[in-house]
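Written below as structure tokens is the structure these notes are about.
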Amino acid sequence: MMDYLLIYYIFSFIIGSIIGSFLNVCIYRIPKGESIVYPPSHCPKCNNRLKWIDLIPIISYIFLKGRCRYCKEKISIKYVLIEFFTGVVFLLLAIKYGISLDYLKYATLFSLLIVISLIDMETMNIYLSTTLTGIVFGLIFLIAQGVLENYILKEYMYYISGAIIPAGIIALIILLTGGMGWGDVEICFISGLFLGLKLSIVMLIASFIIGALISLVLIWGKKKTRKDYIPFGPFIALGTLFALAFGDKLLLWYLNLI
Ligand SMILES: [Zn+2]
């Protein structure tokens, strides 16, 4: 039994790093308005098409010592970090959810969040094509879950309100203070649609706390000043990770408290 589990975990990490490699393509191409499927991966410097062996996540980077096989141009370590991070997220989801619809659902959510928040970090922009994809996937999983578990209206509303309430809170912050961006409303909406009401509240609070802490570190380390725009999308992604990892226990503890 243990052996099967171990194989599943290793498999999850490998699939995650392969997906991570595809997410890199999305992060690179979506802001340029390019197709994410065509043309096949090529070196941005010398345009040589990459062979399958160059596309093996993590390993090919180590093997090629972080350089293009043809022109020896340095490849950013960012790509390999995203592959590794996606692999780790998929592994953690496999450990927590086993083989289940939830595993598939949250693996999809994190793939979306990684693309959206990395593009947000690099371009300070959130693209409607990515958020719409997120909402469509969120609805597909909600319907699949509803069919499998015989949801009634109340349960559908639990997820819909999970999307609307935190997104509404951020919209209110924008209207009142002018801070944050409408893209943050969209990411929050997606995450909440996948999480449902309780976990999405945990997600929102956790994103604010993580955001405040990281911003303080960045300002303290003089990487950013108080006036700089610090994208909030990545904090929502981290807040979602936190909500999935600790949300249930935290809610239980809180309910015992009151
Ligand atoms: Zn090259």
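Using N, Cα and C of the backbone, Cβ positions are placed for all residues, glycine too.
Over in TrEMBL, the protein carries these features:
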type     : residues : note
TRANSMEM : 6-28     : transmembrane segment
DOMAIN   : 14-96    : domain 'Prepilin peptidase A24 N-terminal'
TRANSMEM : 79-97    : transmembrane segment
DOMAIN   : 108-216  : domain 'Prepilin type IV endopeptidase peptidase'
TRANSMEM : 126-144  : transmembrane segment
TRANSMEM : 156-175  : transmembrane segment
TRANSMEM : 187-220  : transmembrane segment
TRANSMEM : 232-255  : transmembrane segment
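Long-range contacts of the transmembrane segment (187-220) within the same chain: residues 105-106, 109, 112-113, 116-117, 120, 126, 131, 134-135, 138-139, 141-142, 158-167, 169-170, 226, 230, 232-233, 235-240, 242-244, 246-248, 250-251, each at least 6 residues beyond the stretch ends and with a Cβ under 8 Å from a Cβ of the stretch. Residues 89, 92-93, 96, 106, 109-110, 113-114, 116-118, 120-121, 126, 180-181, 183-184, 187-188, 191, 194-195, 198-200, 202-208, 210-211, 214 of the same chain, all 6+ positions outside the transmembrane segment (232-255), place their C-beta atoms under 8 angstroms from a C-beta of that stretch.
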